[in-house]
Amino acid sequence: MGCLGALLFLLGGLGALAQICEITEVDSTLVERLGQRLLPWMDRLSPEQLNPSIYVGLRLSSLQAGAKEAHYLHSLKLSYQQSLLSNDNSDSEAKPSMGQLALYLLALRANCEFVRGRKGDSLVSQLKRFLEDEKGAIDTLAMAGLAFSCLKLSNLNRNLRNRSTVALGRVQEKILKAQTPEGHFGNVYSTPLALQLLMASLRPTVELGTACLKAKAALLASLQHKAFQNPLMISQLLPILNQKSYVDLISPDCEAPRVLLEPATETPSQTQVPEFIHVTLKVSSTFLSYRHSVSVPVSSSLEDVLKKAQEHSRFTYGTQASLSGPYLTSVMGNKAGEREFWQLLRAPDTPLLQGIADYRPRDGETIELRLVGW
């Protein structure tokens with residue numbers, strides 16, 4: 001078993017193994033900076049930019065946004081109620097997806113507003129589809145597992161307890177198998193949701209404890225390197241930095257004390273001539289080929305690169321809004337099919353983990369847009 005295994009076994013005997021997936025020590029300044037990055041997003045109240053995950057993440061964190069939180073929840077309610085009550089024949093793209101609706105219901109519950117209903121059998125059937133897809137993303141599996149955990153612990157339908165237990169075990173097994181040598185589950189951005197699930201595990205084992213120790217070390221190192229910039233990813237990370245998960249919304253503590261966030265103060269920079277970088281944009285698909293170099297200011301996003309290319313060459317692209325930001329739907333008039341997507345790669349063949357709004361290319365990089373199937 002080894003020294004680490006023996007230690008974990010003893011901790012389990014003392015009842016501490018279930019808590020070994022919790023992050024108990026983290027720099028409060030780092031947590032505050034993460035929360036501050038969410039504040040500007042709470043001023044973006046258009047239906048395309050409203051994100052219930054931001055509200056849920058703050059309510060499960062040690063931070064609060066004061067009156068801005070109540071205003072944001074009010075805007076969520078107006079937007080989602082309007083879209084849900086609209087005519088069924090209206091544009092389906094305007095209606096929230098299953099994932100968006102689930103997060104909206106979590107937001108209501110985080111404010112101690114409880115929506116009643118008996119949807120247990122339907123929920124299990126839909127979640128099982130995620131588990132049947134062996135290529136399911138880790139964050140998707142973790143969300144499905146969290147739903148199973150909530151279903152099991154809430155006793156909404158006792159007839160589903162055995163099915164939920166089996167499904168939960170399968171999810172946990174897949175997530176543990178997906179751990180990278182660095183310690184992440186899948187990748188750095190899917191690790192917070194995976195840890196949320198493993199924190200709530202009712203079957204603590206030595207294997208689980210070992211995996212969580214590695215994952216926590218990797219995640220804290222990523223925090224030091226400011227890896228988290230996307231509001232959705234930050235909102236999924238904040239709860240585990242407060243030893244919380246979505247499962248805690250079964251019995252939410254709406255009176256828990258939280259520290260009031262203040263906007264980050266920016267030090268005025270001296271006027272300087274902006275530096276520029278050169279990025280090569282490459283498109284690869286069966287139907288077309290494209291390669292062009294563009295010049296953009298330092299710290300520009302990949303989306304800025306795409307916009308610049310569209311202004312000065314024959315390059316065109318289309319995007320669709322999502323909770324994690326815009327994602328590519330078409331390139332040069334070529335739309336991704338039902339089981340296709342435009343993959344982002346850094347040459348020669350490294351898939352990007354961030355979206356077009358979050359990734360910042362470096363000088364001299366070649367970014368490839370490749371149409372792939374799944």
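In case you wondered, yes, glycine gets a Cβ from its N, Cα and C as well.
Because the structure is a prediction, the values reported are computed rather than measured.
Taken from TrEMBL, the feature cyanocob(III)alamin binding site applies to D139, N187, Q236, Y327, L328, W342, Q343, L344, L352, W374. Per TrEMBL, the feature disulfide bond maps to C21-C212. Per TrEMBL, the feature signal peptide maps to 1-18.
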Determine the minimum-neighbour residue: among Q236, Q343, listed as binding-site residues, which Cβ has the fewest other Cβ atoms within 10 angstroms?
Q343
Rounded inter-Cα distance in Å - L328 (cyanocob(III)alamin binding site), C212 (disulfide bond):
34
Taking only the Cα atoms, work out how far C212 (disulfide bond) lies from Q236 (cyanocob(III)alamin binding site), in Å, as a whole number.
17
Might you list, by sequence position, any residue in that chain lying six or more from L352 (cyanocob(III)alamin binding site) with a Cβ less than 8 Å away from its Cβ?
L302, L344, L345, R346, Y359, I367
Do you know offhand how many angstrom separate D139 (cyanocob(III)alamin binding site) and C21 (disulfide bond) by C-alpha?
17
Write down the Cα-Cα distance for C21 (disulfide bond) and Q343 (cyanocob(III)alamin binding site), rounded and given in Å.
32
Can you give me the same-chain residues 6 or more apart in sequence from C21 (disulfide bond) with a CB-CB distance under 8 Å?
L195, L198, M199, S201, L208, G209, C212, A215, K216
At 10 angstroms around each C-beta, which of the recorded positions C212, L328 has the fewest other C-beta atoms nearby?
L328
Specify the count of other C-beta atoms within 10 Å of the C-beta of D139 (cyanocob(III)alamin binding site).
22
For the cyanocob(III)alamin binding residues given in the record (D139, N187, Q236, Y327, L328, W342, Q343, L344, L352, W374), what is the largest pairwise C-alpha separation in angstrom?
26
